[in-house]
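Q: Found this in Swiss-Prot, in case it helps:
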ACT_SITE  ASP68  active site, proton acceptor
ACT_SITE  ASN137  active site, for ring-opening step
ACT_SITE  HIS139  active site, proton acceptor
ACT_SITE  GLU144  active site, for ring-opening step
Amino acid sequence: MREIYIFKDLQDLHKFSAKQIIDQIKIKKDSTLGFATGKTPLKTYQLLVKDHQENKTSWKDITSFNLDEFVDIDPSHPESFIKQMKSNLFDHLDINEQKINIPKSNSSNPDQEALNYENKIRKNNGIDLQFISIGVNGHIAYNEPGTPKDSLTHVSNLTKETILDLIAKNKFSSIDEVPKKAITMGVKTILNQCKKIMMVSFGKEKAQVTKQMLEDKPNENVTASFLQEHPNCIYILDKEAASLLNEETLKKAKWI
C-alpha cells in the first residue's frame, strides 16, 4: 500500500504525523516505534509531548529504535542523536529508559556495534511504525548515495554534501567538528524490519529529492526511492515538497 498525502498547511502535516504515532500506541500499547532526528520530526515530537501531557497517552510499554547515530561523538554532546531524542521527546514522556535503543556513539568497535544493533532489531521482531525523513541528497537514515539495497545496519561514511548541510544548519561550527561517520540502519533493514513506514518531507529544498524518491525507479543514488518497494509506506508531504511532482503522481495523492 502506497499512500501520498499532501498538506496545504504545514501545521496540519505535523498534526497528522503525530496522529499516526498516537494511533499506533492506541492500537498496540507495547508497540515498537522507530524515530529519526533532525529538523523534520521536531514539531511532531512537540505534539507527542503535548498529547502525553494533556491526554495522558502512556509510553511506559513502548520500545523505541532510532535510525542512526554519529560515530565518535560524546553521548552528552548536544548534537548526538541520543541527546537530541531525550531533549526533544523522551525526557518528557513516561517511556522506560531501558527500552530506548540508539546505536552507541562512543563504541570502541563501531562495526560490531552496528551488527549488535541489527540483531537487536531482529530479536525484537522488527519495528511497528518507523518515522523517516529524506536528506538533501535523497538519503534515508544515513544510507548515503551509492548504498546498496541489500545493506544491513552498518557504519556509513558521510558525504561532503551531508557534512556541509550539517554546518549550514548550525549543527556544527566547522568541518573539523562534524563527525565523518554514522552507524545507520541499512536499506534492507528498513525495508524488511519496519512493518509500516511514514515518510515525512516538507519545504522547497526537498522538492527535487521528493520527486526523485517517488518518480524515479528505485536506485542507489537516491536511497529513499527504495521505499517504493515497501508494502506499507505512507508519504506525508507539504505542497512545497510536492511542487515538482508530475500530474500522474498528484492524481494519486490525497490533498488535505
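The count begins at 1 with the first shown residue.
Yeah, the Cβs are placed from backbone N, Cα and C, and that goes for glycine too.
Looking at the shown structure, what environment does each listed feature sit in?
A: All protein chains shown were included, and the count of other CB atoms within 10 Å of the CB of ASP68 (active site, proton acceptor) stands at 22.
Residue density at ASN137 (active site, for ring-opening step): 18 other Cβ atoms are found within 10 A of its Cβ, drawing on all protein chains shown.
In sequence order, PRO145, THR147, THR162, THR223, ALA224 constitute the residues six or more apart from HIS139 (active site, proton acceptor) in its chain with CB-CB distances below 8 Å. The secondary structure of HIS139 (active site, proton acceptor), as reduced to three states from DSSP, is coil rather than helix or strand.
Counting only residues at least six positions away in the same chain, the Cβ atoms of ASN137, SER156, ASN157, LEU158, THR159, THR162, THR223 sit under 8 Å from the Cβ of GLU144 (active site, for ring-opening step).
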Q: Which of the three DSSP states, helix, strand or coil, fits GLU144 (active site, for ring-opening step)?
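A: GLU144 (active site, for ring-opening step) sits in coil per DSSP, no helix or strand.
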